[in-house]
Amino acid sequence: MDFPDQQQLEEHRESHKRPYECSDCGKSFKNAAYFKLHQRMHSGEVHLACSKCGKKWPTIESLRKHESTHIKEKKFLCDECGKAFSKASALKEHLRVHRGERKYLCTVCGKSYSRGLLMIHERVHTGEKPFPCTFCEKRFASQGELRLHRRTHTGERPYHCSICLKSFSRHWHLKTHLEAMHSEVVAGFTRKKFPCSDCDKSCNSAAELRDHQRTHTGERPYQCSFCDKRFALSGTLVRHERLHTGITPYHCSDCGKTFAQQWTLTTHMRTHTGEKPYGCDICGRGFSRSQSLRLHRRKHEQIQTKEEALLNVKDDDLSHSDNNSPINMCITDKHD
């Protein structure tokens with residue numbers, strides 16, 4: 001990477017330093033607070049529990065490896081919502097929810113549910129939340145809610161768009177994406193626009209419009225569990241909290257290096273592929289990062305500024321020499 005001066009180079013070098021090294025596993029950290037949080041995992045103060053059997057593990061890597069042993073083939077798929085089941089009987093029971101066959105009544109509000117959903121619904125009235133998240137302090141009324149929430153920590157995105165290969169953590173996110181981005185090629189979808197009442201922008205979904213309107217209202221409903229920072233978008237909060245937890249869910253398939261954010265993995269992968277998508281429109285040189293291109297363009301701007309300054313000096317010299325020529329002196333004398 002190129003730097004315009006020595007000071008910026010030194011600042012960049014400082015960003016690579018990780019002075020806090022764990023004596024148990026060798027992992028190093030830039031920040032003392034993150035280092036202390038990591039050490040608590042080794043000391044037993046923090047454990048990562050398996051959502052299936054409750055067994056605890058000291059690191060996210062060991063937890064992931066263990067949880068993979070619980071995974072069974074789920075070949076019975078619900079056509080309505082995309083949920084998968086390992087047994088046909090479980091799918092049959094689930095389909096009753098979509099058909100409206102809910103014969104179990106809530107004694108508090110009178111709403112009807114299937115047997116399993118009634119138990120979960122009643123927790124709305126009791127406030128019971130028996131399923132804790134092992135990554136943060138949040139608790140949930142059902143295992144399904146906990147499973148969806150855990151994906152914000154692990155980065156798991158099991159629903160994939162077959163058209164553009166983008167992945168999503170929830171099925172309805174994929175459905176919204178297909179409707180918004182691929183309605184022309186997906187049968188049964190018609191693109192609907194959600195206009196903003198404060199500006200001319202139109203959004204592809206009600207959720208996108210809600211997020212956009214916060215740019216007008218300044219609302220920041222999502223607060224970090226570790227510090228006082230607040231965010232307008234839940235995704236921004238998730239990425240920020242990884243700075244505190246040290247969780248790096250994005251893995252490089254070539255070298256095994258892990259990253260906290262998808263875009264940093266994408267940028268890193270270019271060191272393996274050699275891809276340089278950012279090209280200079282002046283000299284044609286390519287770069288793997290947009291920041292490197294910006295720094296490179298400054299060099300062209302500095303060279304252009306120097307060339308313009310030299311041309312101005314030459315023009316001044318020529319003008320001065322012309323004023324002292326015999327012809328100009330004669331003209332000046334006549335006007336005098």
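Every residue, even glycine, has its Cβ placed from backbone N, Cα and C.
Annotation source TrEMBL lists domain 'C2H2-type' at 20-47, 48-75, 76-103, 104-130, 131-158, 159-183, 194-221, 222-249, 250-277, 278-305.
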Which residues of the chain, 6 or more past the ends of the domain 'C2H2-type' (104-130), have a CB below 8 A from one of its CBs? 93, 96-97, 139-142
Give me the DSSP three-state residue breakdown of the domain 'C2H2-type' (104-130), ordered helix, strand, coil. 12 helix, 4 strand, 11 coil
Could you pull out which residues elsewhere in the chain have a CB under 8 Å from any CB of the domain 'C2H2-type' (250-277), counting only those six or more residues past its ends? 155, 239, 242-243, 286-289
Across the whole of the domain 'C2H2-type' (159-183), what does the mean pLDDT come to? Round it, please. 77
